[in-house]
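Here the structure is laid out as structure tokens; the discussion comes afterwards.
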Amino acid sequence: MESLTLQPIARVDGAINLPGSKSVSNRALLLAALACGKTVLTNLLDSDDVRHMLNALSALGINYTLSADRTRCDITGNGGALRAPGALELFLGNAGTAMRPLAAALCLGQNEIVLTGEPRMKERPIGHLVDSLRQGGANIDYLEQENYPPLRLRGGFTGGDIEVDGSVSSQFLTALLMTAPLAPKDTIIRVKGELVSKPYIDITLNLMKTFGVEIANHHYQQFVVKGGQQYHSPGRYLVEGDASSASYFLAAGAIKGGTVKVTGIGRKSMQGDIRFADVLEKMGATITWGDDFIACTRGELHAIDMDMNHIPDAAMTIATTALFAKGTTTLRNIYNWRVKETDRLFAMATELRKVGAEVEEGHDYIRITPPAKLQHADIGTYNDHRMAMCFSLVALSDTPVTILDPKCTAKTFPDYFEQLARMSTPA
């Protein structure tokens, strides 16, 4: 297996313009494909997940052109539901941001479509979404294991009264919200259980509004969506920088700044993960906000005990930042780490112990006490981009760290390690 050893880093300083947000990129691509008119998307993320979405749209007959660096996409919308040219199988890798929304959107047509992906995708639950789509009339079969992909879709979704479980993934609700306006009937979506990752629903609603569709949101417990609507292209749309990707650089600034400035997001960003900066501030770093930047300056870091449900992806970065904080850090209400690219709670606990931390892994929390001195270890990344990026922070000590399968960052940030090196002064 390929590996990358990062030597100790004395200081991190400078600015980085963030790649486009994965969450925003894939939502914007799907809405542009469903919309009337041509959309020009700029600062689109070039990554595995986005390529899977683009390949699927291409197979569904959507025409688009990409710039040489793949960050600008000119896409001609279908002006309604996506239509397959006959029976079709779409391979979506391990891209939840493609699998969930497409599973819903493709229930509007009548063709037979199979959605499948990598082995890990077949372990990521989708049963709650399928149950909700079936309540709206969709005809869906599981082809292997009940409640998991691959799925066979045969259209039939018309809207109506639908319940969705919000406790596992907000992507299920996102998928229903984006599909419902195109259904023939009005749709009322009721959310059961505590809605996780609520800020991601705000991204969805914000993008739908940009494409001309507004819905009634009753305290995130009930959503009323008029049927028979159309999305309309906004013309040009700038994808904001990826706030989850910003977390590694902001954390590096907190631990070994200098000052690190990330551009492409700021105080007006629609992504909930910008709240990660507030957590670093609570830990002792200094944060400066602009309209299109966030800067972090080193401070003496101390441990925190916090509910992280609102920033589940960026919260992983706090788990490795905790190695540099005084005291024991507890991250709570993070059960949905277990159903991401890998079981992130198990993976994080396992790898933190390798570098010497004392770790308590609960059902939905993790408690981390840093060692007096970090140990050099080979870090397993579990084919999870965030594990690789989180553990790069270990090098901000006087100990090297070896990252196994470093190319897994291609899911959201293909040149992450080059960018980190560019801003780092070796010890």
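From the backbone N, Cα and C atoms, a Cβ is placed for every residue, glycine too.
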Further 3-phosphoshikimate ligand in Swiss-Prot, beside Lys22, Ser23, Arg27, Ser169, Ser170, Gln171, Ser197, Asn336, Lys340, within candidate set Asp141, Asp186, Asp307, Asp313: Asp313
Cα-Cα distance maximum in Å, computed over every pair in Lys22, Ser23, Arg27, Ser169, Ser170, Gln171, Ser197, Asp313, Asn336, Lys340 that the record assigns to 3-phosphoshikimate: 21
C-alpha spacing of Asp313 (active site, proton acceptor) relative to Asn336 (3-phosphoshikimate binding site), in angstrom: 10
Position of peak Cβ density within 10 Å, selected from the binding-site residues Ser170, Ser197: Ser170
Sparsest-packed among the binding-site residues, when each Cβ's other Cβ atoms within 10 Å are tallied, from Lys22, Arg27, Arg124: Arg124
Candidate with sparsest Cβ neighbourhood (10 Å radius) among Arg386, Lys411, the listed binding-site residues: Lys411
Neighbours of Ser197 (3-phosphoshikimate binding site) among the recorded positions Gly96, Gln171, Asp313, Arg344 (Cα to Cα, within 10 Å): Gln171, Asp313
Chain-mates of Lys22, Gly96, Arg124, Gln171, Arg344, Arg386, Lys411 with C-beta within 8 Å of site centroid, phosphoenolpyruvate: Asp49, Asn94, Ala95, Thr97, Asp313, Lys340, Glu341
